[in-house]
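Undergrad: Before I ask anything, let me first share the structure, which is written out below as structure tokens.
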């Protein structure tokens, strides 16, 4: 799940070596986590821990699904996509407000304290007002809280608010029917939705993954309870199953991932049975959500100006060509260049280039390359082969002798250039597929 999450959401290109490195890092982190947990649980060297996120296994016999339920799952995906789009739109405007007005550290601390105070106040007020009391006898709740309830009873709203979000998701998935009042689930979903939207983006270490699952599990269980009322308590309308689908729909509607989330949900529940309906729900939520606004992670990547390539070229790029978006004039280096010339180029503060095509004065020669030089350092990044026109020069280039440049070299490889009339989507695909940082634009005579 971690490998697929990284590749689907965090990578600007996809190749075998990158996949192996992410897989190796995921395995090492899993091994390290299990080692620490084995010591924590007092059973050293027992590396069979399920990890930090485990939502419990589902009983296949009691919670199977039939083909008649597929339209219901699709409808839940539509609801998740709409709610996810609303969440993202609200968080976008809130983030814009933070960037504009809450950029000083003291204000960021005040906002975090305000969110904490409001969250605690809302939680206690809702617990006081709900009075949803359930009998402790026969309950699976690990730490039942009696708040405002009689002896021998616990408060369902308090259990929802005081548990960790992970434990809350497990309870919504696996608690027996009748453990929650529909009004409790509805109010909890509404309040937690806005609190989670407000919290994401604070200058604190916090995420949206588990809170999204909790929101979806709450309204999904409410949806299952409604179905059980309509179907007179039929076995197929178990609320725990719909809590699982609601959690997938809500998270998919917010972050818009499909493949990785399907695998993560199956890993966290230890069940492959629901792989197809989860995938169906996630695809529906993504399609519906994308109609309104982009995913939350993509939105924040753009707001933070992180250099990142999405899966597809922007819609507005189809009418543009490489010539209209390239940097110009380009600064070239000859195959044989004076050291002083290179130093002058690197010292030029008016130029913001960090990549310089190495060109050949002889148009019949194709073995030339590409050198990536940053001011103060020098190295090669995927050199290219192209033949370009240029003048003559004297003196060989020896990068290690350049003051402040370390380990410079270049090696000819296969062509990596684009014609100036190439469409921007085609250029975009070259960057995405090959993992490029620079691309040389040439004319019909193959000149830079």
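Placed from the backbone N, Cα and C atoms, the Cβ positions cover glycine too.
Just so it is clear, the model here is predicted, and its values are computed rather than measured.
Residues annotated as transmembrane segment in TrEMBL: 20-40, 72-94, 109-129, 183-202, 208-230, 242-266, 272-293.
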Undergrad: With pairs fewer than 6 apart in sequence excluded, do the transmembrane segment (272-293) and the transmembrane segment (208-230) have three or more C-beta pairs that lie under 8 Å?
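TA: Taking Cβ pairs at least 6 residues apart, the transmembrane segment (272-293) and the transmembrane segment (208-230) are not in contact, as fewer than 3 fall under 8 Å.
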Undergrad: Counting only CB pairs under 8 A, let me know which of 20-40, 109-129, 183-202, 242-266, 272-293 has the most with the transmembrane segment (72-94).
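TA: Out of the listed stretches, 272-293 contacts the transmembrane segment (72-94) most.
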Undergrad: Looking at 20-40, 183-202, 242-266, which one has the highest count of Cβ pairs under 8 angstroms to the transmembrane segment (272-293)?
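TA: Comparing 20-40, 183-202, 242-266: 242-266 has the most Cβ pairs near the transmembrane segment (272-293).
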Undergrad: So what's near the transmembrane segment (242-266) in sequence-distant terms, Cβ-Cβ under 8 Å and 6+ beyond its ends?
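TA: That would be 1, 4-5, 7-9, 58, 73, 76-77, 79-85, 87-88, 169, 172-173, 208-209, 212-221, 223-224, 227, 272, 274-275, 277-279, 281-286, 288-290, 294-298.
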